Amino acid sequence: GEDNVPLGSPATSDLSDTSCAKTHEALKTSRNTDQHYPAPKKAEDQEFGSAANIIVDPKLFQKRRFQSPRVLFSTQPPPLSRDEQSVEFLDNADSLNRNIRAKRGTHPVHNQGEYSVCDSVSVWVANKTTATDIRGNLVTVMVDINLNNNVYKQYFFETKCRNPNPVPSGCRGIDARHWNSYCTTTHTYVRALTKEGNQASWRFIRIDTACVCVISRITENFG
């Protein structure tokens, strides 16, 4: 298909200015102003034969369809604010410019007297090698890519339940006299860079994205 490009295709430098700008915008790296982060890793610094030595054509990144803020290509680990525990995405000029809170408390308090029904934890997943695609097939996810002689890692921001039963009766705040309840992780599909044979391509893969409460009414037995 049009989104498939051989993994051996050279990362050419003769692209138009517009194409280069789009590629740069799509893969802008997260950098810290205090310069504590190292410089981008060069492909030649990687071990021979590693996945990072697979060269990906920049043309793959010219199409911006269906991009999710939960997928990040970066030479640096995504920053996590220690104070507010917020996760920052790429500072792009489009919908990627946003924050997602990483709820890490045992039972996070939103406002005084307000609690979450379920407890969730959000993390950046850096080494996802396989995933289920939208057709139900197991596919190989590219962890590292070589683009213009820089090594980028593909990160996924995933949210899942910390515990299926935050309280002994199930979900927090549910009337256990009338309802059975439990917390469960739900999923969505995001566009990720995968490989099949010698082809790199975009596929929709399933990742964890939320923790929700499932309830069912207790049926009374009248004998």
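Note that Cβ sites are derived from N, Cα and C of the backbone, with glycine treated the same way.
Worth saying up front: this structure is predicted, and the values here are computed from it rather than measured.
Over in Swiss-Prot, the protein carries these features:
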- 1-45: region 'Disordered' (REGION)
- 10-21: compositional bias 'Polar residues' (COMPBIAS)
- 22-34: compositional bias 'Basic and acidic residues' (COMPBIAS)
- CYS118-CYS183: disulfide bond (DISULFID)
- ASN127: N-linked glycosylation site (CARBOHYD)
- CYS161-CYS211: disulfide bond (DISULFID)
- CYS171-CYS213: disulfide bond (DISULFID)
CYS211, CYS213 as disulfide-bonded residues, winner by CB count within 10 A: CYS211
DSSP three-state assignment (helix, strand or coil) for CYS118 (disulfide bond): coil
Disulfide-bonded residues compared (CYS161, CYS171) - the one with the fewest other Cβ atoms within 10 Å: CYS161
Neighbour count (Cβ, 10 Å) for CYS183 (disulfide bond): 23
